[in-house]
Amino acid sequence: MDYRRLKDLPEELLPRERLFQYGADALSNREILAILLRTGVKGENVLDFSERLLTETGGLSGLARLTVHELTRYRGMGTAKAAELKAALELGRRSVSSDPLVRPVINSPQDIAHLVMEEMRYLDREHFRVVSLSTKNHVLGISSISVGSLNSSLVHPRECFKEAIRRNSNAIILLHNHPSGDPTPSSEDIDVTRRLSDGGQILGIEVLDHVIIGDNRYISLKERGIL
């Protein structure tokens with residue numbers, strides 16, 4: 001049916017044709033989403049559908065946070081379309097992960113935030129991780145320690161330092177996200193940081209920092225003078 005097509009638009013304005021001609025960088029978020037969705041719904045062509053979906057979900061960041069089930073609550077989003085969109089968003093999230101053959105160098109809190117921001121800012125639960133570093137501050141690995149509210153009873157020093165010891169690392173960075181988007185440290189965050197810092201001194205593994213990831217924001221406890 002006609003409402004499912006963009007037949008009234010000149011061919012050079014169609015999202016897919018624009019991608020072929022100018023490249024993906026030239027497309028708006030609405031146009032890229034329209035290519036993924038492929039078809040509109042009754043009364044809306046696919047560009048209008050895409051615009052509405054971005055508006056109702058709060059933009060790309062809001063869209064990325066939704067589960068498949070939550071996506072299907074929006075008009076025009078069936079289970080197949082929701083699953084395809086979620087898979088595309090997940091693929092994009094994974095693509096920002098660094099090439100495992102290239103070890104990033106961490107010289108500042110900004111470096112570690114840049115490394116993990118696009119993945120961790122969208123997580124809907126707290127994930128606590130430990131970054132193991134070489135003597136020249138190359139990332140040797142990032143270990144997942146716990147999922148859920150950060151609590152000193154759940155974060156045992158043994159688990160935090162195990163991978164660092166295995167990798168012969170002499171320094172680590174603590175890392176976790178706040179799903180609320182606000183990276184302000186809680187009293188529990190501070191307690192865990194100090195406890196692990198004390199444990200690191202005993203083991204000879206320095207805790208360089210604890211970086212908390214929010215929604216495109218971060219806080220370094222080192223920069224705050226807490227560590």
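Residue numbering: from 1, along the chain as shown.
Each Cβ is built from the backbone N, Cα and C atoms, and glycine gets one as well.
DSSP labels the residues of the domain 'MPN' (105-227) in these numbers: 39 helix, 36 strand, 48 coil. Per Swiss-Prot, the feature domain 'MPN' maps to 105-227; the stated evidence is sequence analysis.
If you look up Swiss-Prot, you'll see 176-189 marked as motif 'JAMM motif'. Beyond the motif 'JAMM motif' (176-189), the same-chain residues lying 6 or more positions past its ends with a Cβ under 8 Å from any Cβ of the stretch are 120-121, 123-129, 149-152, 210, 212-215, 217-219, 221, 224, 226.
Within 10 Å of the Cβ of HIS178 (Zn(2+) binding site) there are 23 other Cβ atoms, across all protein chains. Summarising the annotation, Swiss-Prot assigns Zn(2+) binding site to HIS176, HIS178, ASP189 and lists sequence analysis as the type of evidence.
Neighbour count (other Cβ atoms within 10 Å of the Cβ, all protein chains): 24 for HIS176 (Zn(2+) binding site). Sequence-distant neighbours of ASP189 (Zn(2+) binding site) (same chain, 6+ apart, CB under 8 A from its CB) are LEU150, HIS176, HIS210, ILE212, LEU221.
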